[in-house]
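Enquirer: Got a structure for you, questions after.
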């Protein structure tokens with residue numbers, strides 16, 4: 001738990017004290033304000049001083065403010081703070097705000113570090129520590145902002161960590177519909193007959209093997225009096241992916257609930273944007289379904305017709321995410337979006353190329369991409385630009401249809417991006433993010449990747 005304290009008497013508190021200070025402030029804080037006599041203090045990133053009865057607090061933890069200029073250093077400090085047992089107070093009045101990371105970033109990291117996935121456990125985890133952030137009134141806004149960022153990331157984690165029997169397309173649609181409680185948000189949920197009326201044959205093809213209905217989710221956030229052209233965030237919403245008749249091996253099946261991490265990112269981000277009341281205009285769009293085997297499921301060699309009229313030869317039913325995305329992108333363009341960012345756990349190939357360290361990124365507009373990449377450098381969510389040239393498009397040529405949904409064995413991530421680009425209008429600026437390697441960690445579960453970057457991008 002992270003709470004705000006405007007004013008305390010730190011001499012009378014019994015919690016651990018965490019003080020962020022530059023080197024030239026340490027003497028004043030320790031000797032004058034706290035009246036603690038210390039002879040062996042070293043100017044380091046994180047130093048623990050045992051008060052030996054000089055204060056009711058057992059320990060003072062000094063964070064070297066002059067060393068706290070990198071995101072990685074901040075993460076190390078947050079991990080140490082989160083490991084403290086019981087209650088602690090983080091004193092932020094000593095920040096040099098022009099040089100150090102913002103209070104909002106610190107609070108956001110504290111909130112996300114405290115995340116525990118115990119929703120489906122019979123015994124809930126008790127918080128091992130509570131952090132009370134002490135700051136003046138001027139910093140209260142930054143504190144609140146940090147909480148919203150942290151809670152938005154954790155919201156995405158909750159959605160991704162939910163198993164399929166608790167998080168089907170209908171459940172995600174219901175969650176999205178509830179966002180209308182925020183000012184500026186409107187939500188339209190399209191059911192199967194309405195999706196059919198829009199001729200979304202690629203998306204509906206994926207759903208044909210399922211006993212659960214598809215739900216197409218369209219969320220719009222528009223600040224009051226904002227006249228900007230909308231930017232669309234399109235998230236892959238395959239709620240569980242068996243691979244269809246191109247069936248995944250048994251060892252690859254567990255964990256495929258994360259195949260909707262893209263949808264979780266865009267839905268959590270637009271909720272955070274609304275909570276921050278940002279002056280912007282943004283869509284979050286999800287074509288939600290699962291991919292299973294059934295009596296009417298698509299098989300390799302089938303030909304589907306997408307919403308924009310292009311025909312697609314099915315080579316692999318396990319290359320399904322791109323089928324849902326292209327109809328969602330068609331919809332975004334129909335609704336007037338001239339800038340689109342899609343995000344998807346799309347290919348194993350991107351994991352082979354970049355591991356779990358970088359999100360693969362593709363674009364048709366370098367200026368748009370450079371603008372976005374600057375934000376990722378601020379948030380620490382690493383992306384790596386990948387090629388998407390004519391050669392990859394050529395891999396998708398079909399004898400019997402306009403396109404194949406899968407090309408050769410090599411270059412799979414770029415081929416998948418090229419497939420999506422075939423459905424992007426020439427005057428639309430587009431970025432594709434393949435988060436297959438960054439959406440989940442084996443030990444801790446969902447990461448909430450790209451939520452913070454999306455929120456910052458529109459701030």
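Keep in mind that glycine also has a Cβ here, set from the backbone N, Cα and C atoms.
According to TrEMBL, the active site annotation covers 248, 322. Sequence annotations record features per position, and here TrEMBL assigns Mn(2+) 2 binding site to 236, 241, 259, 320. Feature annotation from TrEMBL assigns Mn(2+) 1 binding site to 241, 318, 320. Taken from TrEMBL, the feature domain 'Cytosol aminopeptidase' covers 316-323.
Neighbours and distances for these, please.
Expert: Residue density at residue 248 (active site): 15 other Cβ atoms are found within 10 A of its Cβ, drawing on all protein chains shown.
The number of other Cβ atoms within 10 Å of the Cβ belonging to residue 322 (active site), over all protein chains shown, comes to 26.
For residue 320 (Mn(2+) 2 binding site), the same-chain residues that are 6 or more apart in sequence and have a Cβ closer than 8 Å to its Cβ are 206, 238, 241, 244, 291. When secondary structure is read from DSSP and collapsed to three states, residue 320 (Mn(2+) 2 binding site) falls in the coil class.
Long-range neighbours of residue 318 (Mn(2+) 1 binding site) (same chain, six or more residues apart, CB within less than 8 Å of its CB): 241, 243, 244, 246, 247, 248, 291.
Long-range neighbours of the domain 'Cytosol aminopeptidase' (316-323) within the same chain, counting only residues 6 or more positions beyond its ends whose Cβ lies under 8 Å from a Cβ of the stretch, are 202-203, 205-206, 236, 238, 241, 243-248, 259, 291, 297-300, 304, 306, 344-346, 405-406, 416, 419-420.
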Enquirer: Other than 241, 318, 320, which residues of the chain come within 8 Å of the Mn(2+) 1 site, judged by Cβ distance to the Cβ centroid of those residues?
Expert: 206, 238, 242, 243, 244, 246, 248, 259, 291, 316, 317, 319, 321
Enquirer: Could you state the whole-number distance in Å separating the C-alpha atoms of residue 236 (Mn(2+) 2 binding site) and residue 322 (active site)?
Expert: 8
Enquirer: Roughly how many Å separate the Cα of residue 259 (Mn(2+) 2 binding site) from that of residue 322 (active site), to the nearest whole number?
Expert: 12
Enquirer: Run through the Cβ atoms and count how many others sit within 10 Å of the one on residue 236 (Mn(2+) 2 binding site).
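Expert: Residue 236 (Mn(2+) 2 binding site): 31 neighbouring Cβ atoms within 10 Å.
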Enquirer: Can you tell me whether DSSP puts residue 259 (Mn(2+) 2 binding site) in helix, strand or coil?
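Expert: DSSP assigns residue 259 (Mn(2+) 2 binding site) to helix.
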Enquirer: Could you tell me which three-state DSSP class residue 241 (Mn(2+) 2 binding site) falls into?
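Expert: Looking at the DSSP assignment, residue 241 (Mn(2+) 2 binding site) belongs to a strand.
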